[in-house]
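Listed features, source TrEMBL:
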type: DOMAIN; residues: A:58-383; note: domain 'Aminoacyl-transfer RNA synthetases class-II family profile'
type: BINDING; residues: A:D127, A:L128, A:T129, A:R154, A:Q170, A:D174, A:R323, A:Y327, A:Y328; note: L-histidine binding site
Number of protein chains: 2
Amino acid sequence: MFRLMHINLILATRHCRNMATVTTPQIAEEVSKLLDLKAKLNDDNAGPQKFIIKTPKGTRDYNPEQMALRLSVLDKIITVFKRHGAETIDTPIFELKEVLTGKYGEDSKLIYDLKDQGGELLALRYDLTVPFARYLAMTKLTNIKRYHIAKVYRRDNPAMTKGRYREFYQCDFDIAGQYDLMLPDSECLRVIAEALNALDLGSYKIKINHRRLLDGIFATCGVPQDKFRGICSAVDKLDKASWEEVRKEMIEEKQLDPVIADKIGVYVSKHGRSDLIKELRDDVELMKQATAVEALNALELLLKYCDIYKLTDKISFELSLARGLDYYTGIIYEAVLIGDNVEVGSIAGGGRYDNLVGMFDVKKKIVPCVGISLGVERIFSVLEAKIASSGVKTRTTEVDVFVATAQKNLHEERMRLITDLWDAGLNAEQSYKKSPRLLDQLQHCEEYGIPLAIIVGQSELARGEVTLREIKTRIEKAVPREKLISEIRQWIKNSQKEF
Amino acid sequence: MFRLMHINLILATRHCRNMATVTTPQIAEEVSKLLDLKAKLNDDNAGPQKFIIKTPKGTRDYNPEQMALRLSVLDKIITVFKRHGAETIDTPIFELKEVLTGKYGEDSKLIYDLKDQGGELLALRYDLTVPFARYLAMTKLTNIKRYHIAKVYRRDNPAMTKGRYREFYQCDFDIAGQYDLMLPDSECLRVIAEALNALDLGSYKIKINHRRLLDGIFATCGVPQDKFRGICSAVDKLDKASWEEVRKEMIEEKQLDPVIADKIGVYVSKHGRSDLIKELRDDVELMKQATAVEALNALELLLKYCDIYKLTDKISFELSLARGLDYYTGIIYEAVLIGDNVEVGSIAGGGRYDNLVGMFDVKKKIVPCVGISLGVERIFSVLEAKIASSGVKTRTTEVDVFVATAQKNLHEERMRLITDLWDAGLNAEQSYKKSPRLLDQLQHCEEYGIPLAIIVGQSELARGEVTLREIKTRIEKAVPREKLISEIRQWIKNSQKEF
């Protein structure tokens, strides 16, 4: 009953709060009384919890098994980023609200705002790209190759079964600087390929397109210039929706002439490689658009560089690729798994955004950028499913040896011994019970995949020895105390060779 | 002028918002008009930025040098945590507001709330301990040893020169489970010592005390029970304030009898090791307090275990140590640097908190916990100062070799060559310009500490060779293209041996 009253009071006060700007002093007084009453009620109930313990909607904890997988995935990705010479930076989890305003188009409504507690108006970062651009403008850096792995926040309706959350990791690699055409862009595609190969996710393809080619196509089809971004965002939905649905959105929501929509439909069904570039070059109407000519030259060069980077069989030039975000200005790309994992959708994406840094610079100084973002949450989902079906247990610790006792009250002996192991830099664990059962200790080793156990016993101690046991084979041998560390090190060395 | 108007409007609207609960419909109408005007103004100025680009108050970006240092510090700490067999977990950056309520005493006002955008009321995490306790209660785990390295948020008045920020990293290691007295507690002290040793910060001491001993002392001195936490929080200030100031707080703010305050003053000036335990055992009045007897037994056992763990010379039993947070129930500790770095204050701390998990459990099931938190921001400050004074440059990338050209338009040759290096897993970089100047390329190697450069030239290519240059010595040699990778690998192997 208390809980019910509590909820009603919250509803009552919240209702009043929303009405606040049109309220009268009398209402404010009532609210104040209710709040007092509520505070009193809370005091009465200081004991047991009155709410359900959970993480916020769309978020989750990562348990040790999930973290072990995540860290190994991130480690592989970082290895690739470092192979290409990237530095890393970090930025705060929140930004001044103004920094994020006007950067995400329709999706701006998904930004998490912080409460105005006096001082600056803040919002949680929505991606890592806008903070990166803000960082570049602030530091006046004209070139940098950086990676950034961190969480971002979107008040989306979470589809958590599909690996979509309100809090999720992004893994970004970007190259900023005034460089020659397609040299940084092609390396970004190479980085995507190396990362996906390292993660062993199965077959994938990288779709590429060019924003200015889409602009040229829209112009050729007769789309009014002010509708370009809206139509582009409709085309972007083609990876999830059918052409009929997208056509409907263009005509009904975006008020596009059906004849124009159908012209677009012909273009966005096309995909290929050099053959498609050739086909488009033969399109006399399209070639009247300077942006299309420029984009095709860029795409042709990109395909040539991809060939040198041994990426040709992964690349697919697809006119239906549009990318949702407003800030892209050139090449865009997106990697998707093919074969068994089609339903996962895009697992990496990115493109060129030459004007974003300038939006933060007082003198509008341009720093051209191109980058990629790996969709690690989806990658985690794929790998978690793979691991679950394989039945292999992920180790969550890196303990080499467990120090056990077979008899009671030998904990101080154990502690003396484990001190030596720690001093030698070995990863060693023990029970925090004075007299644990041997069986429990060995079971702990099995459960956590600890390969070795030292068994400390009274009679062995008297002889200056301990028992070293290999958990998997259950083979035990007596080892002189002073040779223990070198013995363990030798065992670790040998076992690493086996891999 | 536009900017000035803009600011005035913001001030005007904010002022009105604060008055909202006592306002009239007329005011609300005026506010609405002002907001419209403001929106219109913003539209007119959609071009250049109207605000100063900065990070939110009390936060900062980490540049590549700072990140390189941070990652190396965290890596050393993680190595120690893993040496002791800890797993890692992660929790969301925000929690339901109720999860944080009533856990931090006076400091609750420093919690960052998220704006109510419909749905749950959320707040940014204030530490990693409360989310850990919430995690344990949710998962019903009865024992775990976990570390967690992540950012936490406090709306404090930042003293950024002293390494205090509103967004900062915490590095926590905790042992949860029903275990034997002082076994997990002493290992926590050992972990602090190993971490501080690994970081090579200079001399330090670890102060220890026991919350129940403080309770016993307060009772002996005649502090009323309901003032225990308040007086404890006053004692906690002794590391920054003089006894006179703390005494004044006790008497004036906390309404304590000056006679009682003076009795406390005598106790909290005491420090020592086993000798102090002995002295307190001879205190007949204190020994009438069961909590004091219990705490002294625990402390005595802890000192014994610390001796086994070779920590004796680091430990100091100090009755002035109180720790600010409400949730501690047993042993508490805090590490401080001594010698040159006194001004940095506490760089690690922690203690036992046996009742926190129970606060989240419907059946109030107890999971005893003890843990440590390393103050890495302060550690970063100390090490940054050290590095700055040493003049040594931190490497921010791990590039082994830079692929350079001495002539124009050899970029495709470069790209072919670097593809082979990447395929071999080597960390390799190149210019994103088609025809960069050789000098610029070699300067880049110097600047980033890249040890090797390959120089691709027309005549060498014709001979099937490239030039391999050691940057530091400027020694160059011709290497057959097919032997290049093994040559570089050999060089890396040899250079690693030198360390």
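Every residue gets a Cβ built from N, Cα and C, even glycine.
Comparing the binding-site residues A:T129, A:Q170, A:R323 on other C-beta atoms within 10 angstroms of each C-beta gives the minimum for A:Q170.
Long-range Cβ neighbours of A:Y328 (L-histidine binding site) (same chain, at least 6 residues apart, Cβ-Cβ under 8 Å): A:R211, A:G351, A:R352, A:Y353. Secondary structure at A:T129 (L-histidine binding site), taken from DSSP and collapsed to helix, strand or coil, is helix. Classification of A:Y328 (L-histidine binding site) by DSSP places it in coil, neither helical nor stranded. When pLDDT is averaged over the domain 'Aminoacyl-transfer RNA synthetases class-II family profile' (A:58-383), the result is 93.
Residues near A:D127 (L-histidine binding site) in space but far in sequence (CB under 8 A, at least 6 apart, same chain), listed by position: A:Y104, A:V152, A:Q170, A:S373. Binding of L-histidine is attributed in the record to A:D127, A:L128, A:T129, A:R154, A:Q170, A:D174, A:R323, A:Y327, A:Y328, and the widest Cα separation among these residues amounts to 21 Å.
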